[in-house]
Amino acid sequence: MARTSLVVKASREPKFSARKYNRCPICGRPRAFIRKFGICRICFRSMASMGKLPGVTKSSW
């Protein structure tokens, strides 16, 4: 419940632009947000391993 309200609060336009921050739309996590994909690192890993992110492959060398 608290995390849901924080997601809603983060989506509103802040009084000052410096207060704006990104949250994962799936889990609501505020840290480790990957801007290119618009999700956090944990959701990124799970979606990439399921093959839901096109063009993302596990690196190997």
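Positions of Cβ are set from backbone N, Cα and C atoms, glycine also.
Annotated features, as they stand in Swiss-Prot:
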{"type": "BINDING", "residues": "Cys24, Cys27, Cys40, Cys43", "note": "Zn(2+) binding site"}
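Just so you know, of the binding-site residues Cys24, Cys27, Cys40, Cys43, the Cβ with the fewest other Cβ atoms around it within 10 Å is the one at Cys27. Under the DSSP three-state reduction, Cys24 (Zn(2+) binding site) is assigned to coil, being neither helix nor strand. Other than the site residues Cys24, Cys27, Cys40, Cys43, same-chain residues with C-beta atoms no more than 8 angstroms from the centre of those residues' C-beta atoms, the Zn(2+) site, are Pro25, Ile26, Gly28, Arg29, Phe33, Ile39, Arg41, Ile42, Phe44.
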